[in-house]
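A.B. asks: The structure is given below, and queries will be raised subsequently.
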């Protein structure tokens, strides 16, 4: 690769430390820039989480979709939204930098919100209204579907740009402090950053959802678009004050080079007790590869220095010879995949938003004689549970345990991940039990008429399953982020913090597959599907039991993966701190 001066630049020379600041960064950054960064992502969260909870009802009522079709669309949309941060992380770390990635994402997300709002005010953008009890409703045209799905795609792309970079971009602003030196500060930073965004979600699930339920779709979707507009203005208003990190070489290209170089050198035999010359990156402390995944070491072994290296010591062909650092980065990623997959499986349970929504619609949501909780607002109990877990763990449990033991006490990320998986299993079991009770009550009342008709059983029965899901998410997801950030090289930080989102993306695809498989099997022979659009004729409780069984298998799988992984870097650091 050449720069504008025609000078050759090698990969080894262009890679910069993760949090290296620009030369004039002494006058920039600091705490004063954080409100603009966090505010932008918080407003994005309010906007996106403000439109998604009621989207099942919007698709069923306005686009005449069935439960299965609407859920499939939302699973795919959620999958895309969770996957796009990976693309954003690659762009941020390798090409654009975090500032431009966030700015681009914010603008694109705003465009998606505006198009979604237009579906509510342009009559030609959706089919005419019809009675849900009549089977002859007019189906949407291809143009109407494309117009709607365009908004979904733009929102996913925009959210990916923002979510992939905001956390690390905020960390860039704090390089003048002790952020990198104290593991406890890092853990608190993750916790409270997550809590700040969670508060934004609470506002979305209460205020924005309430507006949609009581003022209609036009105003209900205009509010998220307005919030996103404010977020864009807020972020760009502090452009001159941000510390901006230079982009690095592409990690994905480096991974591909390692795989290709290994394949080309696959016939090279590495024998024990024999010394080899390894290709090291200039200035790197890694002089030889680790024994783990030893076959990949063939990608960085120098067979003939005269043929493999240039005069300055760089590889003549980076697709035939890689650095030790490149090999170790790929090894680190491969090693965490088994544990990462357990979080992905747990995310299948968290992604089941459509089913509790219809349960809430079909139950009594009155708090007083004049006030009812909007169905989508029940997600607020999950968010409140997340905040409670973070607060109790970080501000009550850890200080109290440390005071009792008279030394710093922390629970390792791996143990917290295991706790989260177990709580997720309990959430599915409770969900199945509550749905069985709700359905039996509806049958006893004789409420087997049109779908989405409320019965007299209180919707507050749903609160335990929402809370358990919140506890599971808080325990597992935060621990996952800390685990990835600690175990992967610093050069992979943005990708490390998007791995949970990638797991969520695949989880939504798998959830869609499981749901459609259960739907097809359960309705074979002309029977009513377990996940029928008419919740009282279906058996959502059986579907929850299927997910509970999957969660049980995931717990056993996690124990195997955890034991096979071996000690964590964070575990070693914690033991050293306790010894001191």
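Including glycine, each Cβ sits where the backbone N, Cα and C put it.
Nobody curates TrEMBL annotations by hand; they come from automatic prediction.
Among the features that TrEMBL reports, transmembrane segment is placed at 74-92, 99-122, 142-171, 192-211, 217-236, 336-358, 378-398, 419-441, 453-472, 493-515, 542-565.
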A.B. asks: Compare 99-122, 192-211, 378-398, 493-515 by their Cβ pairs under 8 Å to the transmembrane segment (74-92) and return the stretch that comes out on top.
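C.D. replies: Most Cβ pairs under 8 Å with the transmembrane segment (74-92) come from 493-515.
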A.B. asks: Between the stretches 99-122, 192-211, 336-358, 542-565, which wins on the count of C-beta pairs under 8 angstroms to the transmembrane segment (378-398)?
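C.D. replies: Answer is 192-211, with the largest number of Cβ pairs below 8 Å.
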A.B. asks: Check the transmembrane segment (336-358) against each of 142-171, 192-211, 542-565 and return whichever range has the most CB pairs under 8 Å.
C.D. replies: 542-565
A.B. asks: Could you check if the transmembrane segment (142-171) is in contact with the transmembrane segment (493-515), meaning 3+ Cβ pairs under 8 Å among residue pairs at least 6 apart in sequence?
C.D. replies: yes
A.B. asks: How about long-range neighbours of the transmembrane segment (192-211): same chain, 6 or more residues beyond its ends, C-beta under 8 Å?
C.D. replies: 38, 41-43, 45-51, 53-54, 167, 170, 219-220, 223-224, 227, 374, 376-377, 379-380, 383-384, 386-387, 390-391, 394, 474, 477-478
A.B. asks: With CB pairs under 8 Å as the measure, which of the listed stretches 99-122, 419-441, 493-515 comes out on top against the transmembrane segment (542-565)?
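C.D. replies: When the Cβ pairs under 8 Å are tallied, 419-441 comes out ahead.
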A.B. asks: Would you kindly list the residues that approach the transmembrane segment (493-515) from elsewhere in its chain, counting only those six or more residues past its ends and only Cβ-Cβ distances under 8 Å?
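C.D. replies: Cβ under 8 Å, 6 or more out: 18, 68, 71-72, 75-76, 78-83, 85-86, 88-90, 92-93, 98, 163-165, 167-168, 251, 336, 340-341, 343-348, 350-352, 477, 480-481, 484-485, 531, 543, 546-547, 550.
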